[in-house]
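Novice: Below, the features straight out of TrEMBL:
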- Cys464: active site, nucleophile (ACT_SITE)
- Asp363, Asp411: S-adenosyl-L-methionine binding site (BINDING)
- 79-108: coiled coil (COILED)
- 924-942: compositional bias 'Basic and acidic residues' (COMPBIAS)
- 227-574: domain 'SAM-dependent MTase RsmB/NOP-type' (DOMAIN)
- 920-942: region 'Disordered' (REGION)
Amino acid sequence: MRVSLFCRYDSFKSMHGNITSLFALLKSPESVRREVRQYVCHVPRRYRDSPRQRGSWVRGTLNLVFEEARRRGSYAVARAAVEVTLEQQQQQQQKQQQQQQQQQLTMESTWVKNALAACRTPEELREMETLLTQHRRLLGGMGEAGCRLTPAAQSDDAVLPPSLQDGDNGGSEVRGTPSLVAAGYSTAALATLRQGRDHVVTAPNASFSRYFMRQGLVADEVELMELFKAMRGRQPVGFRVHTSQMYGRAVECLLRDRPGIKPLSWLPSTCGAFVLLDTPDTPHNILLSNRQLLRALSNERLISFQSTSSMLPVLLLDPRPGEAVLDLCASPGSKTTLIHDYMFGISSSSKSLLATGCIVANDAVFSRTKTLSQRLQSVSPSIAVTQIQGQTLPAQPIASGGVRYDKVLVDAPCSGEGRMHRDVMSWRMWHPLKAMEFFTTQVSLLRHAVELCAAGGCVVYSTCTLNPLENEAVISTVLADGEVELIRPPHFMTADSGWHFSRGLSHWLVPSRAGGFLHTFAESEAKGEGTAVELFPPEGNGEIQKALESCCLRVLPHRNSGAEGFFLAALRKVQHGSAPFSASSSKDIVREKKVAPSSCQLAAESILHACGVVRLSAGNMLLQRHLGGFFNDSATQMEEFLTKCGLCAAWKETRGLLLISESTWDHIRAIPSTTNLSSSTAALLELGVVVIEAATGGLTESGAFYLRRHATSRVLRIPFSEMQWLLSHQVLKISELQEDPKVLARRIVGSTAPMKHEAETEERCVPLPWVAQFFNAIGSREGNFIVCGFSSFVNKDVNHENNADGLASISIPVILCRSSTGVELRLSLSQDARQRCLAVIGRVIGRKRRTGATVAAAAALEKEYMQMGTQYNTSRTMDSAGLEGRPLTLQRQYRHLHASNSFGSSAPLSPPLPTKTCAGSTTIDHKISNRSRDGGANDGESLMHRVRGEYFEI
């Protein structure tokens, strides 16, 4: 395969770097003008001989300088660029008079806008206006029409704020003595100008317009401008909740019915996909609160922002539980997590086991795999992250121990036309020949993905570009090999999803290095272009052309509410040396020659051996010591757990104890430490779930979440109020939980009245029901435990599992310690994890209180705790000073406990009659001296207030 060796804009990144020197600080205006002139007038040698090519180069460079000056707010550079433009115009006028040349450099409307937007003060605007006036006079030949703008510039003036426009909107003639800042514009007008300078819509360059028109991607210039404005406009803000993780259910409940946030109906609800509504009819306060919440959730790694169009490849892939899935170009991991959540949702609804499958996320660049591994760290036992060149990922034959994948996703690197709104520079530096830089890599990746796929499996190819040279040309090249066929997309995706897909192209043109277009490979050979034959449409093969048109999907932004441009297609593997594909084919193939592992078995010659991963059997002492306690110290129960979930245990010295799915272990074991086709070393960045940390021996957060669903012991249940205390203070003393809150209240105010020791002792021996179960679960054990919560005001039965709000899935690891002072729980979470858990619980409880779903239950709980009885209610016997440590006198205790029912009476209080507590406890006589009874009513009146026949301290 041969590709073009010539690309005009192959070094646009270096050009972007060179322009930075123009904006260096501490430069004189003359120095800036000199450097800008040198930068603009320096034309490559190959363009100097042609006046048209030289003028095109100068205009492109000037546009680049004006764009950067606007973006950086550099008035000095914008002024220098305007002066250089005036100099070029004067020189061209002189040459035109002498040589009658027709080519003339004119000031484009976008340059005027960018130059004005770069001004920061009224003085700068005034000076810039003077320069632009010189341009108009020069353009008009110093005549009466000298103060006229070009029609294009006049029509584009509407983009500027009305208060800063030069002249009337409808008029074509500039006023005689107006000035942009004649009287000095206000700060508000300048602020409006600065805010609008980043949203100035410019026209695409000529190459972009011509290329899209000739390729048939748009019908006419009107649709082209609609496409351009949609690509430059604001994109819909899509994001996803990680529903398969511990806080996924709780976060999804927070966002499900929230105003201004809409779930995506075309994806399963278990994927947790939403879009932020920022339309003009959305209230401003709702939009700001939603943005603040989403920013906080993103910082806590509870959600991830992802464009809506990039979720489509996973929907087309349709991964199922138990399948082996390979994400060949996985970074930054958004599609990989969506694959896992997609499979997790299906497994949850069908009661199947997700851990029996395999998800391998691979990428080749270290800087990208670092982000990928952080996002997928300890997410699931079925996930592994590798760093290998996608074209050289080992694909050994099945007979020699190789493995194949049921589904393969290839999100290939591309020119990124669908995401050009993220980089302003990409619009001016775009060129048709840029697509040829990625064609070879894309074809090799897709061919290798087909080789790694099992017979009957599915390969999905996707890019975020609209160029047919990176899409249809790549698909047709692989189709010509005869190993795959295109799959028609499902009906629910094309008809019921709300997307308006464009059909694939059966014919396209190939750009030439001379600036034209090539129709056939024969034409390329005749002109000596040396273009690869694979870039051209498959002429004479009607089946491939028909399949490309009916099976490929293209997302155009202007037809899909501004969504990012995208391309995707699904292929089915039709032939392979292995047996036909089935849902468990990869697992059966792997297990045919699998030898029963020993207690400590190293996978020699594999990437597992290079990373120091050792597989442990169910009876291994190390495994029994760390995980046996969660299964009643029974090796049989642990073996049943591993077998039922399709898991294996392994130990890595730098990480700790890992739980890995059998399918993932088999697929990773088949990868050698060094690839055969290159000398690069394969790296294993993440594998399974870390359950026990090697450094501390403590249970991890991911391990607690995963083991809790299967553990038969060492699982403790406490109210969320106690869980919040544990998370806040990191220590929870069990001895304080043995007494009823009413008894604790009596102890706090125990000096108010003598109590019978027999009744006190009897009540202290009767703990709360959940505390009794708590101590039964503890027994005489120590070490790692799992703590989960229950809502005490929803149902007091601790065996009641209520996951309506998602809090029931929260599981935190603790360490139980025994000492002379009693038994206590110590939290074993990092600071970030602790704050994240507190934030989630607080948000869910706050939402329940705001929505009123549990108002009655919360009021009943508050009444129970705050009104334990007239005699023992600490909130009525102790004010804020008393609660902070200042003891109450006997006189104030009496006045608080036995205030008269008639505060308006001035008569002295009589000795109280025997009273009975609200809890129905024993009647206690109170005797105080005459001194205590005198003059206490007024103080009591100031501190007590009657509400519905009951008195509360205020």
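Cβ atoms here come from the backbone N, Cα and C positions, even for glycine.
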Novice: If you count Cβ atoms within 10 Å of the Cβ of Cys464 (active site, nucleophile), leaving out that atom itself, what do you get?
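Specialist: If we count other Cβ atoms within 10 Å of Cys464 (active site, nucleophile), we arrive at 23.
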Novice: Using DSSP reduced to three states, classify the residue listed as 'active site, nucleophile' as helix, strand or coil.
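Specialist: Note: the residue listed as 'active site, nucleophile' is coil by DSSP, not helix or strand.
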Novice: Counting every protein chain present, what is the number of Cβ atoms, excluding its own, within 10 Å of the Cβ of Asp411 (S-adenosyl-L-methionine binding site)?
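Specialist: I count 24 other Cβ atoms within 10 Å of it.
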Novice: Identify, in sequence order, the residues in the chain of Asp363 (S-adenosyl-L-methionine binding site) that are 6 or more apart from it along the sequence and have a CB within less than 8 Å of its CB; answer 'none' if there are none.
Specialist: Cys329, Ala330, Ser331, Thr369, Leu372, Gln387, Gly390
